[in-house]
Amino acid sequence: RPPRDGGIRYRGLTQEQVNILPVDYEIEYICRGSRVIVGPKVQKCLPNGTWTDMNQLSRCLLVCSRSWMSLENGRLALQPPGQPVEGTVLHYSCHAGFLLEGFSISHCTKLGKWDSPKPLCVLLETPHKKLYIGALFPMSGGWPGGQACLPAAQMALDLVNNRTDILPDYELELIHYDSMCDPGEATKLLYDLLYTEPIKIVLMPGCSSVSTLVAEAARMWNLIVFSYGSSSPALSNRQRFPTFFRTHPSATLHNPTRVRLFQKWGWTKIATIQQTTEVFTSTLDDLEERVKEAGIEISVRQSFLTDPAVAVKNLKRQDARIIVGLFYETEARKVFCEVFKEKLYGKKYVWFLIGWYADNWFKIKDPAINCTVENMTEAVEGHVTTEIVMLNPETVRGASNLTSQEFLAQLMSRLGGKNPEETGGFQEAPLAYDAVWALALALNKTVAPLRAKGWTLEDFNYNNKEITAEIYRALNTSSFEGVSGHVVFDAQGSRMAWTLIEQLQGGSYKKIGYYDSTKGNLSWYGNDKWIGLGPPADQTKVIEEFRYLSQKLFVSVSVFAGLGILLGIVCLSFNIYNSSIRYIQNSQPYLNNMTAVGCVLALAAVFPLGIDGLHVHRSQFPVVCQFRLWLLGLGFSLAYGSMFTKIWWVHTVFTKKDEKKEKRKHLEPWKLYATVAVLLAIDVLSLLIWQIVDPLHITVEKFTKEAPKEDLDVLIQPLLEHCSSEKMNTWLGVVYGYKGLLLLLGIFLAYETKSISTEKINDHRAVGMAIYNVAVSLTAGYFYICSTKRPHSVIRRLITRGEWQSEQQDTLKTGSSNNNDEEKSRQLERENRELQKIIQEKEERVTELRNQLAERQALRSRRRPSVQNQNSVSSSRAEPPSYSPTTDKQSLPASFSNSSNLYQDEGKLSRNNCHNSRLPLLYK
């Protein structure tokens, strides 16, 4: 439907065709007479049957006279911005030294006329003397804070100049330039400010890097430097910057708040990533000192210049969880694009950022990154910001007679309806406003002291130290209520303020608390929200879990051991009961009794071997260790010693020369018992020495950490209690060496006496077979353990598994507590080898391309003389028939056909001519 007093223009259609319009067809609204279109002028037909900009109404309105839109010796503000049509409001004001005659507000009516006459600015009879402030406002760059800070400063200047009680004889005038937050650009602008008339009484830079440059140079010109947007801690150095003040608190004011939050959430391990600029480096140095005093460790510290990709990967590799990020807004988008790629966000991670970014900084499209708005929104969710309180939360009227809300309303009017979230420096605008008021009040305070000394403010020049000293004293003692809160400066010239704590929840920032670092008071709202069940852990939580012997296995083995002990007792009883039988007597029954007793003792060792921390207290565990050792040692000595004694004496008696056999056929039993006693005495002596010199004690061994089945941010640290001593391997080597030699000797003797038959020891063949069985069993067990290459894996299969252990970890690798470090080292070595391989391939490719380029240049140099000869003969500028772009292109090597545009026609050059396979090489 056409707007009132207007119509619709259809292009290229007849009257019959306008009833049904095709998709993508555009219609144009036109107005009659002198009316103009307000709203969409052109609408397009969409595939769904609707039009673009359906929610915006197009109207035909009359235009009011544009002569009202200029005011000599004054300024005006147009709301809303655009053409002066119905509903437009003009606000008039005059420059300092002029008086407004007429109405200060005029409305454009629907008749196309203003509702009040045009006002005039009349010169006052007594013009004020001007004092000039040289200002640098960054309208672009890393921090475009001047977009809102400049209008705020101009607001303050207008109010100050209209006040009769503040500098009544003077007018403050702002001379400002765009520093682009660039020290190089600021150097040139500072030169212009200092060497161009008029003389500036104060300098007002913004941006820490620019303020550092200006403040360091200003001392040579005896100038006070007053910053509204510099947070670098380095600027608090009074020896380096003796005339510097700022309404923006130092960035170090964030650090006490951060430390307090770390303590609140129980974090003792953090990581940092910073942009390599002085402001962030000094802030991080201060943070490092504060966390060290609080007992908090900075485990990872990364930095970057322009590309944060490697730094973010290092944070991921080193398992950083609580991360403090210090960088400007443009670099913040680069960082979190890499954070999204590395999955360094979610319920396991918390990021701490600076709070002076724009509220929608992560939604701004940035050609420097390749992440979507959705990717960025997902990556930044849940991060915490600490921000200096820059707007007074209380409704109080300060020195400017404005509340903070009234200030915001007037600032929005000056911004012309711009979105605050898209206006750089909107949060810092109150600081710029209060900076002008602090300067005005300080200059006003110096008028009387200077008059007493015969000076005036207009007498200031770059060599007058007395006026500078008076301004310094006035600023140093400043104290007033501003729209940003109470304005007062510390000994270093920095603002003292509260800190606001916010958290990004659902794509928007929510206030979760305030912190007063001067008193250490934390005001907490309790509305912090986390992706997981609560604040994440600062590192993977390791739960120590003792592993015990499986009770089913213990009971089963104990039953079999009990049966063996019962069998040993039966055999011992049988042997004692039938000791008078000749056949039993010829088998040396006392030695048989020792064998039975030894077997019973060895089997009885099963019970203390199965007793662990599940059954006894740690203080009683060494006693269990002693029982294990003595039962096994004495049991083996008695059981094997008695069998060895039999086979030894059979070999001694029946393998000697024939003339000595008759003398030795009479076997004396006490010698057999003495042999067993010697073997037993050796064992007892060695065990006594072992327990006296290096007694057994309980030792807890750590195995490889295990991941639970559930998605929990924990690792299970399996622990196993066992008996050990300081030189366990040495003692075991001595005992095993002695027993092993004894076992080998027994095997040899059994082999030597296998064909001997005697009635004195009638069971020596069975004894030999028993010795073989012992040797085979021990050897098989040894080779089985060695074949696994994990001696403890046998033990690990016997311990009870935790309920969190995954099914894939049935055969676990054991190791010490530094296995994780070893694994990381191996991973870095693998990555290093891969990178070396890639570099080698790239170098080979570069060499190949250089050779091809050299060949191509040689070919062109050979062709150039012939082409020049033909050009000298031919009067036309046509190319020779033998040379054409097509044939020349075909003669190129394959690697240059798509990747190089050096030999292509200019008309065909486009981005599509770059082959994807050449991108890595071009990047390098």
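Here, residue 1 is simply the first one shown, and the rest follow in order.
For all residues, glycine too, the Cβ spot is worked out from N, Cα and C.
If you look up TrEMBL, you'll see 62-123 marked as domain 'Sushi'. Taken together, the residues of the domain 'Sushi' (62-123) have an average pLDDT of 88.
Marked as transmembrane segment by TrEMBL: 553-578 (among others).
Residues or ranges marked as transmembrane segment by TrEMBL: 590-609 (among others). Below 8 angstroms of C-beta separation, residues 557-558, 561, 564-565, 568-569, 571-572, 575-576, 624, 627-628, 631-632, 634-643, 645-646, 669, 672-673, 676 of the same chain, each at least six residues beyond the ends of the transmembrane segment (590-609), sit close to that stretch.
The transmembrane segment feature in TrEMBL is assigned to 629-649 (among others). The list of residues near the transmembrane segment (629-649) in space but at least 6 beyond its ends in sequence, with Cβ under 8 angstroms from a Cβ of it, reads 588, 591-592, 594-595, 597-605, 608, 667, 671-672, 675-676, 679-680, 682-684, 687, 690-691, 696, 723, 735, 739, 742-743, 745-746, 749-750, 753, 761, 763-764, 767-768, 770-771, 774.
What TrEMBL lists as transmembrane segment is 670-693 (among others). Here the transmembrane segment (670-693) has long-range neighbours at 588, 590-591, 594, 626, 629-630, 633-634, 636-638, 641-642, 644-646, 648-649, 725, 731, 734-735, 738, 742, meaning same-chain residues at least 6 beyond its ends whose C-beta is under 8 angstroms from one of its own.
Annotation source TrEMBL lists transmembrane segment at 735-753 (among others). For the transmembrane segment (735-753), the list of distant contacts is 633, 636, 640, 643-644, 647-648, 650-651, 654-655, 679, 682, 686, 690, 764, 767-769, 771-772, 774-775, 778: same-chain residues at least six beyond its ends, Cβ to Cβ under 8 Å.
Positions annotated as transmembrane segment by TrEMBL: 765-785 (among others).
According to TrEMBL, the feature compositional bias 'Polar residues' maps to 806-819 (among others).
Look at TrEMBL and you will find 806-831 (among others) tagged as region 'Disordered'.
The compositional bias 'Basic and acidic residues' annotation in TrEMBL covers 821-831.
According to TrEMBL, the region 'Disordered' annotation covers 856-924 (among others).
Feature annotation from TrEMBL assigns compositional bias 'Low complexity' to 866-876.
The compositional bias 'Polar residues' annotation in TrEMBL covers 884-903 (among others).
For the domain 'Sushi' (62-123), the number of residues in each DSSP class (helix H, G, I; strand E, B; coil) is 4 helix, 27 strand, 31 coil.
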